[in-house]
């Protein structure tokens with residue numbers, strides 16, 4: 001029982017990270033119809049930026065986290081405003097190829113600046129607690145708490161703030177949003193910034209568990225699988241997809257070690273076979 | 001400027017539209033056949049590498065360039081081809097039997113993948129193919145009895161009717177002939193109803209469906225051809241690198257193949273060849289560049305993919321039609337001189353195509 005509980009918590013916390021990345025990814029997709037394959041690498045950059053601010057420059061952890069989020073938000077904004085916006089109107093695969101290559105560039109640049117050796121970021125979440133025999137690290141609890149906090153903030157932001165409503169409007173219909181006076185381009189870049197900031201949180205929360213390295217961005221691929229499981233374009237779906245993959249992984253590692261690296265993808269294939277539009281469908285058949 | 005008169009019903013589907021084609025492609029053919037006589041072993045090897053890349057790129061072109069399904073998993077088909085071929089050789093199967101079986105195995109796997117994949121649209125397929133590549137890599141690592149796992153697997157030089165192919169130029173000719181056969185195959189497919197349906201599916205699935213084209217069947221067949229060609233390239237690659245290990249066929253190779261066809265020119269057979277030549281050239285340049293770059297940058301393991309990324313970004317933004325598209329523009333400029341207008345090839349701007357409706 002204790003083992004089960006422990007695996008569950010490990011899975012939940014891992015799944016929260018996948019879910020957070022997937023949410024950034026889905027947010028961009030929902031608003032701008034673009035797929036950002038570099039989301040995992042943006043997370044990786046976020047954790048490196050946080051490392052520089054907190055460890056190298058010696059800032060307080062919370063202040064440093066906020067600063068890193070700000071830096072990444074500006075970065076995400078600029079990625080859209082400078083590069084990605086130029087290819088609106090070209091077929092979807094151009095964007096796929098563009099963002100994948102951006103991911104490779106980020107990875108190479110991160111390797112050149114911060115090196116290949118893994119770095120460790122000290123967080124205030126140290127120590128473990130014992131819940132009836134299950135030993136749970138505080139960093140795991142922090143991931144779950146952080147995810148709940150981020151998700152509720154995003155929910156409130158999208159539901160009640162002017163910008164959030166503008167984002168929803170722009171994501172539903174660009175032209176109509178433009179006609180009622182929403183600065184669609186600005187909103188789009190804003191969405192990219194927001195998604196980058198969320199990924200930055202995910203990166204920092206993940207830092208104590210997997211050290212920071214340029215290859216962490218490959219985690220993003222699992223986040224895509226999570227987004228596919230949840231049905232592309234559904235924010236709660238992305239989170240739930242992330243949790244499903246996250247929970248499946250430690251259980252697979254414990255009971256079926258052969259498939260522990262690929263269990264997430266196998267689940268994704270199963271979902272695609274049985275329900276190609278994902279668990280929370282947002283794709284509709286076009287009527288001519 | 002040449003004016004073509006139609007004198008024959010078959011003129012539209014002829015390979016050589018006019019005598020210029022015969023002359024220039026004949027010259028090219030003579031060039032590649034005579035090349036080994038003028039070159040030393042190092043350059044013959046480089047050329048062989050380019051030809052193998054071209055074959056793999058041609059395979060990817062069928063599915064991505066002609067059918068419009070972006071695949072990020074074609075390295076996996078190369079892996080399947082390479083490992084099947086290498087495994088069959090260790091079981092004593094002769095070269096010219098084992099190679100087609102390897103291509104076929106890869107093709108059948110492609111077919112199996114395509115059946116669920118044909119129900120997905122663009123994006124889902126891209127992610128599924130990426131996941132497929134990761135799954136195949138994992139299988140290669142764990143199936144040690146056949147693949148040697150992480151220890152890798154040595155591949156002997158090919159044996160042809162009891163004669164061992166040791167020399168670089170001998171292998172060059174094998175690869176060259178197979179590449180030419182594959183190009184003819186693809187060109188033939190392109191002028192057949194299947195090829196026309198592939199282009200229609202690429203341009204608009206809904207219109208294709210309305211015209212009575214079976215979209216799912218077209219996609220599945222495209223995957224079959226594509227995976228078989230890429231698997232063939234994989235089998236040839238196995239002899240070329242002589243040692244197979246799982247990381248050879250990682251995501252970087254998939255990206256490299258994609259880079260090839262995008263930079264070369266998406267949607268044309270020429271594009272795959274140009275792309276392969278450019279990649280071969282690029283790899284040589286990068287290895288030379290590493291010598292004079294400061295070690296902090298030059299010795300980065302991420303340098304090569306990073307540079308690939310930069311090149312891809314520049315091409316996607318500034319020349320989405322690739323090198324071949326640029327060449328077409330230049331040729332039109334010369335042919336119509338001085339009447340070329342800058343907007344001749346201008347793309348129609350549109351809103352981003354939505355994938356939420358399908």
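Yeah, the Cβs are placed from backbone N, Cα and C, and that goes for glycine too.
Annotated range for transmembrane segment in TrEMBL, selecting from B:74-94, B:95-115: B:95-115. Among the residue ranges B:220-242, B:243-265, the one that TrEMBL annotates as transmembrane segment is B:220-242.
When TrEMBL is compared with the stretches B:50-67, B:194-211, the one noted as transmembrane segment is B:50-67. Looking at B:151-170, B:171-190, the stretch flagged in TrEMBL as transmembrane segment turns out to be B:171-190. Which of B:21-44, B:285-308 counts as transmembrane segment depends on TrEMBL, and there it is B:21-44.
For the transmembrane segment (B:122-143), the most Cβ-contacting stretch among B:21-44, B:95-115, B:220-242 is B:95-115 (pairs under 8 Å). With Cβ pairs under 8 Å as the measure, the transmembrane segment (B:220-242) is packed most heavily against B:95-115, out of B:21-44, B:50-67, B:95-115, B:171-190. Among the listed stretches B:21-44, B:95-115, B:171-190, the one sharing the most Cβ pairs under 8 Å with the transmembrane segment (B:50-67) is B:171-190.
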